[in-house]
């Protein structure tokens, strides 16, 4: 049912209001149950393939139901809600199966140190966007009683839903500000009951969901409020269009003089161009509105809308060319495939809007058909990308492996870590295959790099082969001259040491030199090894051998000790003495408790006049 302004009306009764409130409260209770399960590693958080779909459905389906009540009859609402539950559940299931949890948000930790499989942030964001578009299409179709509604109804339904969601979120935020203000007031008189209540998840989650449902209901039964907000917003946005059009056209006209090389040098031209295209689409639609307000739009805005519609085409073309250059040089990655999907959508807008602008009609009439058609294109693209059909991880991994096999990229330059951390399960499977490769001149190197990537826990973890023994010996100048490095010391893999970051560079990399002083620091008749970098900031540590023949860090020297030539010369000449600690350690029931004086600054004077300074 519609009113004269095409605003879809809600058949709201007191019963509908009560059901909406009940749905919001029930959603909050279910979300708290899932949150508590994740924190305690209880079912269903312990069931990887069940928890993520349940969470996604619990987050999104109730909002769809609340919005549908009063607009859809029971049968329509049941069919639509069932479709939402099935689609969202399957997408979340695929997200977990493909390895989405490795890129997802972590809200709790299990007792065994692993995390529940949460939906990936990318799935959550794009699911919200896709459901917004789909729900607006459904509401408009029901209001017009047609599968494809009239564009004015689509316009009204989409804008009403958007404003409802935005202001409901604003309402929830304002509610929590007031509650925390109340807690602060009570704290002034030493009453902390409200503050403690606001910190309890069993209170916070249900109240948030309930408040959101209340706000959705209030904005639904007051369409005049929504219409007024929308009208003001669109008028303001439409007057930004002339400025934006001037900037974009100026940019395009400058290209014949500047050339495209500066764009490629930025390495993010595609993203900027896509952003500019998106802004133009929004502003053109702010001026176009429902397509029936041409007489009320200022002439300059109408002219700029037509120019902006034409400017979209070269923007999209340049963005496509920019992305094509990157793909030709480096191949497909997840981000580039997502950019390509965005460019597909932008191309539909650009082509359709250019066609609308080129027509001799006084207003951009075909924009309406383009918007409706592209809404379905967006939904199809989202479904393909978040399902096995066009999973960006699968497509990018296949492309990168094909480039490696074809010799388009050398093994040294190939990003094995991309497969490990951005290729999801497809990348892991590819690495498992690569580590067994037996053919080709680079097979051994490929196996080695694949194994190293598989061992990594994070992309930034430095997993490299141990420094060859010959390089380690070449890096170290042993003092006294007659001394030799212990055989057990040469067997250590220093790169895999958990305190790797504290070690001198000479123990990890070739062509990095250190002085290695064999000195009995502990007085047990067995020398420890003092490794001091010969270059500034090269590192300096004391290493000690344990009873099993393994070496570990016993202490770290000031960083500015490395590369200090005067002190190195005195140390090499034997001009030093071992001093007892300033503060003795504690012995409690036979257990030694070491005391570290955190107030002492471990800096040295390279002139050799002052060994330490203390902060007072």
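Note: Cβ is positioned from N, Cα and C throughout, glycine not excepted.
TrEMBL does not curate its annotations; it predicts them automatically.
Here TrEMBL flags 21-38 (among others) as transmembrane segment. Below 8 angstroms of C-beta separation, residues 44-46, 51, 54-55, 58-59, 62, 65-66, 69, 107-108, 116, 118, 201-202, 205-214, 216-217 of the same chain, each at least six residues beyond the ends of the transmembrane segment (21-38), sit close to that stretch.
TrEMBL lists 50-70 (among others) with the feature transmembrane segment.
Here TrEMBL flags 77-97 (among others) as transmembrane segment.
For the transmembrane segment (123-143), the list of distant contacts is 1-2, 8, 56, 59-60, 64, 67-68, 71-72, 76, 80, 84, 88, 91-92, 95, 100, 149-150, 153-154, 156-158, 161-162, 165, 375-376, 378-379, 382-383, 385-386: same-chain residues at least six beyond its ends, Cβ to Cβ under 8 Å. Under the heading transmembrane segment, TrEMBL lists 123-143 (among others).
Under the heading transmembrane segment, TrEMBL lists 169-189 (among others). Remote same-chain residues near the transmembrane segment (169-189) are listed as 195, 198, 207-208, 211-212, 214-215, 218 (criterion: CB distance under 8 Å, separation of at least six residues from the stretch ends).
The list of residues near the transmembrane segment (201-219) in space but at least 6 beyond its ends in sequence, with Cβ under 8 angstroms from a Cβ of it, reads 12, 17, 20-21, 23-25, 27-29, 31-32, 35-36, 62-63, 66-67, 163-165, 167-169, 171-172, 175-176, 225-226. The annotation transmembrane segment is assigned in TrEMBL to 201-219 (among others).
Residues or ranges marked as transmembrane segment in TrEMBL: 231-257 (among others).
Outside the transmembrane segment (269-288) by six or more residues, the chain places 233-234, 237-238, 240-241, 244-245, 248, 251, 263, 297, 301-302, 304-305, 308-309, 311-312, 315-316, 318-319, 322-323, 326, 339, 342-343, 346, 349-350, 353, 363-364, 367-368, 371 with a CB less than 8 A from a CB of the stretch. What TrEMBL records for 269-288 (among others) is transmembrane segment.
Marked as transmembrane segment by TrEMBL: 300-325 (among others).
For 337-358 (among others), the entry in TrEMBL reads transmembrane segment.
TrEMBL lists 370-390 (among others) with the feature transmembrane segment.
Ranking 77-97, 300-325, 370-390 by CB pairs under 8 A with the transmembrane segment (337-358) puts 300-325 at the top.
Long-range contacts of the transmembrane segment (370-390) within the same chain, counting only residues at least 6 positions beyond its ends with a Cβ under 8 Å from a Cβ of the stretch, are 87, 90-91, 94-95, 123, 126-127, 129-130, 133-134, 136-137, 148, 151, 154, 285, 337-338, 341, 344-345, 348-349, 352-353, 355-356.
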